[in-house]
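If you check TrEMBL, you get these features:
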DOMAIN    3-94  domain 'Pyrroline-5-carboxylate reductase catalytic N-terminal'
BINDING   LEU7, GLY8, VAL9, GLY10, GLU11, LEU12  NADP(+) binding site
BINDING   ASN54  NADPH binding site
DOMAIN    157-251  domain 'Pyrroline-5-carboxylate reductase dimerisation'
Amino acid sequence: MLTIGILGVGELTEKVVMGLRRGGFAGRVLLSPRNHERAQQLSRQCTCEVMADNQQVVDETDLLLLGVRPEVVEQLSNEIHLKPQQTLVSLVAGLKHSELQRCFPQARPVRAMLSYAAQINQSTVVITPGGEPHETLLGTLGSLTVLDDEAAFELATVAACMNGWFYFFLSDLQQWFTDKGLSKEQAAQLVMGNMQDCLASARHQPQASLEALGSAIATPGTFTAVGLEVLRSNGATLAWREALEEVLNRLHKAS
Ligand SMILES: NC(=O)c1ccc[n+]([C@@H]2O[C@H](COP(=O)([O-])OP(=O)(O)OC[C@H]3O[C@@H](n4cnc5c(N)ncnc54)[C@H](OP(=O)(O)O)[C@@H]3O)[C@@H](O)[C@H]2O)c1
C-alpha cells in the first residue's frame, strides 16, 4: 500500500490529509516534525506518524506532498535528498516545474492546485502532469482536472485565487443584508442560497452559456436588469477581469 509523506504541515496540507483519510486512504501518512504541536494534533486526528526529520519522511515515503511556503522551498531542498523518480506533488503556488526540477533533481515533479474544500472531498483539484499514483490519490479530494501544460495550470492557479475572493464578495453581500436588519444566519442563507441556486441551475443546463442563463433572468425592465446595469456602470464586472489579469501577470513574473 502507498505511503505518503507531508513536507510542511500547515493550513493547506492538514486539510488535504483530512480529505485523504475521509476519502478512504488507509496507507501510512508521515509528517514532517516542524510545527510540532500542529503535526501532533493532525497525527492524533488522522492517524499519521510524526517523523524525526524531513529526510526520514522522504526515506519512508512513496509519494511526497510539498506544502511549505515558496520562500522556504530552496532551503528545504538543501536539507533532503529524494529517491530517484520519487513523486513529489507540489502545492506551492507559482513554483514552476523547472524550479522544482532544479531544487529536487531526483524527483518526478507534479503540480497540484486545490482548495480547502479538499477536507470534505469537494475541492476542484487540478494537476499537471497526470499519471499514477497521484491521479487516483488526489482524485479522492474532489473533482479532478488533468492539464497537459503549465500555462493552463497557471490559469487554474488564478481560479484558485478566485475561490478566496468569493468569500469576501459573499461577505460584503451578507453585510448589506445584516445592515438592513436581517440576522447573520438569515443573510447567509439568502446569499449562499442564491449562489447555490445559480450554480445548481447552471450545472443542470451545461449546454446553455452562462451569459444566456443570466440574460434569460435579467430581461429588460426587470429589477435584476436594473441592478446589473448599476454593477456594470460602476466597473464591478471589469474589476474582476483586472484582478484575474493582475494575478496571472504576477504568476508569469514569478517564473
Ligand atoms: N496549491 C494550492 O491549491 C494552494 C492553496 C493554498 C495555498 N497553497 C500553497 O501551500 C503552501 C502552504 O500554504 P499554507 O497556507 O498551508 O502555509 P502554512 O500554514 O504556513 O504551512 C506551511 C508549513 O510549513 C512549515 N515549514 C516551514 N519550513 C519547513 C521546513 N524546512 N520543513 C518542514 N516544514 C516547514 C511551516 O512551519 P513554520 O510555521 O514553523 O514556518 C508551516 O507549518 C504555500 O506554498 C501556498 O502557496 C497552495
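Heads up, the Cβ atoms here are built off N, Cα and C, so glycines get one too.
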For the domain 'Pyrroline-5-carboxylate reductase catalytic N-terminal' (3-94), how many residues does DSSP put in helix, in strand and in coil? 39 helix, 17 strand, 36 coil
Do you know offhand how many angstrom separate GLU11 (NADP(+) binding site) and ASN54 (NADPH binding site) by C-alpha? 18
Round to the nearest Å and give the CA-to-CA distance linking GLY10 (NADP(+) binding site) with ASN54 (NADPH binding site). 15
DSSP residue counts for the domain 'Pyrroline-5-carboxylate reductase dimerisation' (157-251), split into helix, strand and coil: 79 helix, 0 strand, 16 coil
Taking the Cβ of LEU7 (NADP(+) binding site) as centre, how many other Cβ atoms lie within 10 Å? 27
Please report the distance from the Cα of LEU12 (NADP(+) binding site) to the Cα of ASN54 (NADPH binding site), rounded to the nearest angstrom. 18
GLY8 (NADP(+) binding site), number of other Cβ atoms within 10 Å: 21
Near ASN54 (NADPH binding site), which binding-site residues out of LEU7, GLY8, VAL9 have their CA within 10 Å? LEU7, GLY8
Rounded mean pLDDT within the domain 'Pyrroline-5-carboxylate reductase catalytic N-terminal' (3-94) lands at 97
Other than LEU7, GLY8, VAL9, GLY10, GLU11, LEU12 themselves, what residues in this chain have Cβ atoms within 8 Å of the centroid of the NADP(+) site's Cβ atoms? ILE6, THR13, GLU14, ASN35, GLY67, VAL68, LEU91
